[in-house]
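Colleague: I have a structure I would like to understand better, so I am pasting it below and will then ask my questions one at a time.
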Amino acid sequence: MSMEEVEEAREEGSHGSMFEGGVEVRVLVVDDSPVDRRVVEGLLKRSGAMFQVIAVDSGKRAMEVLGLTEGKEAEQPTVDDPKIDIILTDYCMPEMTGYDLLKAVKEQSSQKPIPVIIMSSENEPQRISRCRAIGAEDYLLKPLQTNDVLRLRDYVRPKALSPKTGTKRKIAIEMMAENSGSERRPCLAGLAVA
Amino acid sequence: MSLMALREQLNGLVNSMFLEGLLDDQFEQLQMLQDESSPGFIAELITLFCGDSERILAELTKLLDQAVVDYQKVDAFVHQLKGSSSSVGAQHVKLACVQFRQFCEEHNKEGLKGIYFFRCLRALNVVKHEYYLLRGKFDTMLQLEQRIQAYESKQQI
């Protein structure tokens, strides 16, 4: 595909074309760093119109968005009509860490709790293991890049996403990832380290 | 100065920042996120980074000025700055923070506390030096971008 065709496909995406089914994926980004929040938001929005981003600066605010308070479950059912489709949270935050938030989300009695992805600048096997042990879907190393954002699609519940396959837009997104020019750390999903 | 000359000056500045190691691949990634739907993305990010960094540097200065230094808090702030500098591709600032954290971790060595305190002070000065060097160049970058945008707006009228 030529660069002109990639640019055309990107323009198509940036003008808000939806995936088939017209459903956006609502991502809750939780990070106490304003810089990191903006970077992640930029990555999500740039990858196409499929992500609607809600960014908060603490675990406590995330709990409010999710309708969770300490010791209580969500008042609204999380399976039938979730406000949030996926949570992307930093690990290291003051007061309520990403781990605490992960635990609170997974402790909901809902059969299908919201997928939670942890972000961290530290590549610590024990930390990764702890998070996966209580249900984190993935653990991404910061700084996040385009490839990481594309992987989020894998964790979104099927009803929220009905992607077209083999479209110019999908190729454009993946071309951007390939052209990013940086090597990515290996995927840590499924890695259980003692 | 013509529009072309301004663009050349801006490109030259950014390229030199990459060559000097002030910026790394991560900044290049972020540049790719800026487009017509998000034209001020880089400027916004730089502004956020600078504001956040100066807040952290002020806190670190205060902490190291205390009679009894809370190295845990110092480390936490340096960790924050390391994270945000990594996220924007500010390579030299990031590396200075890595060095600083190493001194924070070593501060408790018996008989050497005084030495590590001064090393931490020196490390903070290195971080400040790297940050302000970068900020100067970011300021020039943003000024050039604003001039280019003003030029382009005039041309459209």
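Cβ atoms are placed via backbone N, Cα and C, with glycine included.
Predicted automatically and left uncurated, TrEMBL annotations should be read as such.
These numbers come from a predicted model, not from an experiment.
What TrEMBL lists as domain 'Response regulatory' is A:26-157. Taken from TrEMBL, the feature 4-aspartylphosphate covers A:D90.
Could you give the neighbours, burial and distances for every feature on this list?
Modeller: Listed in sequence order, the residues of the same chain lying 6 or more apart from A:D90 (4-aspartylphosphate) and placing their CB within less than 8 Å of its CB are A:V30, A:D31, A:D32, A:S33, A:D36, A:G98, A:I118, A:M119, A:S120, A:K142.
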Colleague: If you average pLDDT over the domain 'Response regulatory' (A:26-157), what do you get?
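Modeller: Over the domain 'Response regulatory' (A:26-157), the predicted model scores a mean pLDDT of 87.
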